Amino acid sequence: MTERGLRGESITREEALEILRSSDDELMSIIAAAGKVRRHFFDNRVRLNYLVNLKSGLCPEDCSYCSQRLGSRAEIMKYSWADPQKVHDAVEAGIAGGARRVCMVASGHGPSRRDVERVNGMVRSLKADHPDVEVCVCLGFVDDEKAASIKEAGADAYNHNANTARSHYGKICSTHSYEDRMDTVEVLKRNGLSPCSGVIAGMGETDEEFVDVIFDLRKHGVDSVPVNFLLPFEGTPLAGGAQHITPQWCLKRLAMVRFAHPDSEVRAAAGREQHIRTMQPLALEVVNSIFLGDYLTSEGAAGAADLQMIEDGGFIPEGADGQPMVHTDVNSHHSANLPVNAVPIRHRGIGTEVPANA
């Protein structure tokens, strides 16, 4: 598997299942093998991505996992389009913290033309101030006209996750289909936006279904694969549904994704702090990307803590110049001490008077 991975070739479905079903005793050997592939294509670099939540909550979609879904009782912050100055401040905090890519996200089915123009203005402003920083946009479903407009404004990438396998999708969401999502990925590709599309592991899918979606993403030629692990928000249908997720379970999935997408950006995304916990440094041996700071509606690790983890592992933040300006309180993050069903809700950054976490 390793030799094929070094040539940029994917593993087979059978090999992928073997990794997922391997014993915990084999984990370190699997990580070491996947790590050779990761370092071959990405050396010791780690790409830091930074999320900016432009519009939070009140989404008309009914995705079962989502704290922003229709009918969600999760006690998250809800706000319409954020003040441009607050967006600017959050972006500056993320870049100062070492972010290589800024991800601008808004809840909802998809943007109106007015919404697209609003976000395009933010993209142009960011690119004018920081031409070397990549911009990823995530606004839901878009057609060719809107995708082309976002690309013309200067966006580099667009995130639209598959989330789970086609065969499992109806159990997770009823307001749109898996096909709708993958059709959107093709729209992005046609219009020159780098497609970022990944999964949420731990939503009741079988091993076979997890393999199906990962291989389908390869078939669609996505450039970046964020791997999230279910955050079981209270007030959502999947609350309490993450008891089976262990650090070893997560690491096997990350390793399998690396072997399936050897030369793609693989990101340990939401849920890594809560589910991989003290074994997060091992994840860096497999993935080449993480999020810096907070997520859309939940808190992430303190920026300084993640940067220290990267340095301690012998890795280098990609694109960071000199000493990043980050918070110094590396003990402020407490997710590792929380039970798996207690999701730390975000109460800082956009929507509050508290500075962003970066």
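Backbone N, Cα and C atoms are what each Cβ position is placed from, and that goes for glycine too.
Model, not experiment: these values are computed from the prediction.
So that you can see what the record holds, here are the features copied from Swiss-Prot:
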type    : residues                       : note
DOMAIN  : 44-272                         : domain 'Radical SAM core'
BINDING : Cys59, Cys63, Cys66            : [4Fe-4S] cluster binding site
BINDING : Cys103, Cys136, Cys196, Arg267 : [2Fe-2S] cluster binding site
Using Cα coordinates, what distance in whole Å links Cys196 ([2Fe-2S] cluster binding site) and Cys66 ([4Fe-4S] cluster binding site)? 19
Using Cβ-Cβ distances, find the residues under 8 Å from Cys63 ([4Fe-4S] cluster binding site) that belong to the same chain and are at least 6 apart in sequence, listing them in sequence order. Arg69, Asn163, Ile172, Cys173, Thr175
Note on [2Fe-2S] cluster: the CB centroid of Cys103, Cys136, Cys196, Arg267 has further same-chain residues inside 8 Å, namely Asn49, Arg101, Cys138, Ala157, Asn159, Ser224, Pro226
Those binding-site residues listed as Cys136, Cys196, and which of them has the most Cβ atoms within 10 Å of its own Cβ: Cys196
I'd like the number of other C-beta atoms within 10 A of the C-beta of Cys59 ([4Fe-4S] cluster binding site), please. 22
For Cys63 ([4Fe-4S] cluster binding site), which of the three DSSP-derived states applies: helix, strand, or coil? coil
Would you kindly give the Cα-Cα distance separating Arg267 ([2Fe-2S] cluster binding site) and Cys59 ([4Fe-4S] cluster binding site), rounded to the nearest Å? 25
To the nearest Å, how far is the Cα of Cys136 ([2Fe-2S] cluster binding site) from the Cα of Cys66 ([4Fe-4S] cluster binding site)? 20
